[in-house]
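Undergrad: Copying in the features that Swiss-Prot gives for the protein in this structure:
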- C2: active site, for GATase activity (ACT_SITE)
- T392, S393, S437, Q438, S439, T442, H593: substrate binding site (BINDING)
- 2-303: domain 'Glutamine amidotransferase type-2' (DOMAIN)
- 375-514: domain 'SIS 1' (DOMAIN)
- 546-687: domain 'SIS 2' (DOMAIN)
- S259: phosphoserine (MOD_RES)
- 311-678: region 'Isomerase' (REGION)
Amino acid sequence: MCGIFAYLNYHVPRTRREILETLIKGLQRLEYRGYDSAGVGLDGGNDKDWEANACKIQLIKKKGKVKALDEEVHKQQDMDLDIEFDVHLGIAHTRWATHGEPNPVNSHPQRSDKNNEFIVIHNGIITNYKDLKKFLESKGYDFESETDTETIAKLVKYMYDNWESQDVSFTTLVERVIQQLEGAFALVFKSVHFPGQAVGTRRGSPLLIGVRSEHKLSTDHIPILYRTARTQIGSTWWGSQAERGKDKKGSCGLSRVDSTTCLFPVEEKAVEYYFASDASAVIEHTNRVIFLEDDDVAAVVDGRLSIHRIKRTAGDHPGRAVQTLQMELQQIMKGNFSSFMQKEIFEQPESVVNTMRGRVNFDDYTVNLGGLKDHIKEIQRCRRLILIACGTSYHAGVATRQVLEELTELPVMVELASDFLDRNTPVFRDDVCFFISQSGETADTLMGLRYCKERGALTVGITNTVGSSISRETDCGVHINAGPEIGVASTKAYTSQFVSLVMFALMMCDDRISMQERRKEIMLGLKRLPDLIKEVLSMDDEIQKLATELYHQKSVLIMGRGYHYATCLEGALKIKEITYMHSEGILAGELKHGPLALVDKLMPVIMIIMRDHTYAKCQNALQQVVARQGRPVVICDKEDTETIKNTKRTIKVPHSVDCLQGILSVIPLQLLAFHLAVLRGYDVDFPRNLAKSVTVE
């Protein structure tokens, strides 16, 4: 949800103007995550000596768009933008309000005191902040914001002020602080007491570090440094030694930091580091990144990056690899489209091909999902499949449940992650649990993953983000390869998740003779799918015309059944998300159990009727709607002459195999939602109150 970006240049001279441009551009790359205010923190002096400037931190914060922050930056009269810094750390943040309304005081960076001794940017929610705040207030600390994050900044200062020895490291302070935090967080700290140093950490919220240098790096694998003795701080530290200032540095030794345990350029010291919530903010600067794990503390001191952990646990990986991103900058740019959402809708012919590339062999009718290959026999022996997700990803599970049940002959449950957790759903060792998330960081889905792992189930991730928490923590998985999706309303990720689950179903039954004809039928449908999607997209003008007739309405009902119930749910969600119209996806079989009361001549109704096993029942529902003076728009098969003849308004889509038809029927609804939002004057990519990556529960 919130966006974190920080930039540290070490012996790479940069003017303050260049530093600010880098920070602002980083925030712009994170805008798609959703936000309501933004801010930056940087060295504030105007001396020629960077160390003198680092003794003062300047904060600039603004409600609204990043563009408004950029304008505010250039209004600052006391900042010389042409001052050059040989070493500098700047931190920046886009805030999504969770505690306190959107305003400059509540925006990040949050500060420890009026002198800005410590500042911090934060993505997540601290659940015990009220207890921490109460303690700090009892010690005389005054709070100016309503945020949970300010508690973190003041907690660092409290630790620093009460540390008896003067040689405490920034890393040690942060380690002590995160021991007291409950909830989810990704944090980056800056301090006047530790000029040119950056410390970042995460727990339950993503954080990565990009590295850029003209010179060879010392290693491609950074070893983890562990504390050599147990800390004396307890689970609650008020009243402990830390409070009394007696917790000396010697009570908790730190593994040695030297040339064998750090990342740095070998030949020269010049290096740049980029801390970010996700890769889209760093890809234009570097493709070499380190993904932090929960409770990692990453520190840059004297241009050297080291990674620390407080304690060693079973299964810990001994280091963090420097990975190479395959993403390219042009993939996250709009190109000739007016919005990212429009671009992503029209990318679907290519994105479904990318999802299938190298996995589906149309010559010998085989499917090979490399990420599942080593576990497929175990999955085939399971007692049931559980698909766990939120929002659009949940709808992808609903859309493919029927074909999964048909081809695997296993019971398939599709669960909303939040409800799954609320019910303490029974999970067994012979269950296989799928976790579907575009970002791979969805908080409820991630909590569901950990819940299922504790109970011994095999876990499978289906994500669009390499290195995400879900992709790392699952036993195996499928990367959907849809490419970066920036628009908050998911489009191409939905169709790629759909195709990925169908491919999994095909892989599960490849050795069943009774299924071979059905497998071939579905695989031929997959082969034709990109061309059929292009055909649907060619109807854009027709759908735009329909939008001009509907955009002034306050509500719309979308009805269907069978394979298309999920299409109704997903279409209704898209309309809700970006047009702010009330919309409801209705199972046509439930029409007489309540929803029919809503139908009259004024209520816009969209029905999905395809030539599959539910055709006759859908026709019956259509007649019931018409009998109540409803005037439905019907999305139907272009070869369905009966429906076309008997219905005043139709959207005719090409025919495909029944279990893939939902991909072709959802695209008109994606286009309709887009055009409705544009006609109603709303920002399609950044709908109000919503975020792309929901990293808090």
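Cβ coordinates are placed from backbone N, Cα and C, and glycine is handled just like the others.
Help me understand the surroundings of these features in the structure.
TA: The DSSP secondary structure for C2 (active site, for GATase activity) is coil.
For Q438 (substrate binding site), applying a Cβ distance below 8 Å and a minimum sequence separation of six or more within one chain yields T392, S393, T463, N464, T465, A482, E485, S490, A493, Q497. In the three-state DSSP scheme, Q438 (substrate binding site) falls into the coil class.
Look at the domain 'SIS 1' (375-514): DSSP puts its residues at 66 helix, 28 strand, 46 coil.
Each residue of the domain 'SIS 2' (546-687) gets a DSSP state, and the totals for helix, strand and coil are 74 helix, 27 strand, 41 coil.
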Undergrad: Return the count of C-beta atoms lying within 10 angstroms of the C-beta of S437 (substrate binding site), excluding that atom itself.
TA: 32
Undergrad: Over the region 'Isomerase' (311-678), what is the model's average pLDDT?
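TA: PLDDT averaged over the stretch: 94.
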Undergrad: Quick check for the class: what is the C-alpha distance, in angstrom and rounded, between H593 (substrate binding site) and C2 (active site, for GATase activity)?
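TA: That separation, Cα to Cα, works out to 42 Å.
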Undergrad: Do you know offhand how many angstrom separate S439 (substrate binding site) and C2 (active site, for GATase activity) by C-alpha?
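TA: Checking the Cα atoms of S439 (substrate binding site) and C2 (active site, for GATase activity) gives a distance of 14 Å.
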Undergrad: Taking 10 A as the limit, how many CB atoms besides its own sit near the CB of S439 (substrate binding site)?
TA: 26
Undergrad: So which one is it: of the binding-site residues T392, S393, T442, which has the fewest other Cβ atoms within 10 Å?
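TA: It is T392 that, of the binding-site residues T392, S393, T442, has the fewest other Cβ atoms within 10 Å.
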